[in-house]
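Notes follow once the structure below has been shown.
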Ligand SMILES: CCCCCCCC(=O)SCCNC(=O)CCNC(=O)[C@H](O)C(C)(C)COP(=O)(O)OP(=O)(O)OC[C@H]1O[C@@H](n2cnc3c(N)ncnc32)[C@H](O)[C@@H]1OP(=O)(O)O
C-alpha cells in the first residue's frame, strides 16, 4: 500500500515538475503505474461536501502552487491489485495475510462516504520539506460528544507525516508516533496539519507536526514521529 502511495506521490511530483497536465488529470501517476488497475478519481479536488472555508483554503494553496514552490498532492482510493498484494511479501509477512480479505482492502481514510469521514488535501513544499494538510473531518469521526475522536486525529497526523516521509524516503512505515493532545477539536471543523521533515539518519526519517485552527490562533495538537525506510532484504522474525 505504501509503495503504491509513494509511487503516486513521487510520480505526481516528478510529473508536475516536468510541466505535466493540471491536477484533475491522473497523467503522471497513471504513466508510472500503467500496468496496474487504478481508480482515476483524485479525492483531493473540491467536492460538494467541502465547506466554503475548505474550498477557500484549497484555492489559496493552489495559488501558491502557481510559482512551483508548492505542489498539490493527489490522493486516490486504494484498489487492490496484484502488485498491492505483493506488499506483504516486501516485508516478508505474506503468510500472515488473509488473501481473500486483502482483495477487499481499502485505504482507511477513504473508506467513508463523502463528507462523513476524512476530507483532506495536502500540499508539499520541496525546498522546506513541509507538507500542509487541510483537513475537514466529518460527523462520523466523533469521540467525546461534539469533538473529534483522538484516533481520528492520530490517523490524519499519521497520514500527513507519513506522506512527508514517503516523498523523502520512499517505502517507509511508522515506527513511532508521539502525540500531545492540547485542546479538543470541535467536530466538523477544518484544521491545518503542518508537518516538517526534521532530519534523516540512515533509514530513519524524523517528522514533526502541529494541528492548528485555520486562523492559527488555536494550537490543538503537536506530534513527533519516526518513520523507518523498509529494508527489503531483511526478514522479520
Ligand atoms: C498515504 C498514506 C500514508 C499513511 C502513513 C501511515 C503509515 C502507517 O500507518 S504504517 C502502519 C504502522 N506501522 C507499522 O505497522 C510498523 C511496524 N513496525 C515494523 O514493521 C518495524 O518495526 C519497522 C519496519 C518500523 C522497523 O523495522 P526494521 O526495518 O527491522 O528496523 P530496525 O533495524 O529494527 O531499526 C532501524 C532503526 O530504527 C530504530 N527504530 C525502529 N523502531 C523504533 C522505534 N519504535 N522507536 C525508536 N527507534 C526505532 C532502530 O533503533 C534502528 O536505529 P539505528 O539504525 O540507529 O540502530
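Just so you know, glycine gets a Cβ as well, placed from its N, Cα and C.
Pulled from TrEMBL:
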type	residues	note
REGION	17-45	region 'Disordered'
COMPBIAS	17-32	compositional bias 'Low complexity'
COMPBIAS	33-45	compositional bias 'Basic and acidic residues'
DOMAIN	146-215	domain 'Thioesterase'
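Helix, strand and coil counts under DSSP for the domain 'Thioesterase' (146-215) come to 20 helix, 35 strand, 15 coil. Taken together, the residues of the domain 'Thioesterase' (146-215) have an average pLDDT of 97.
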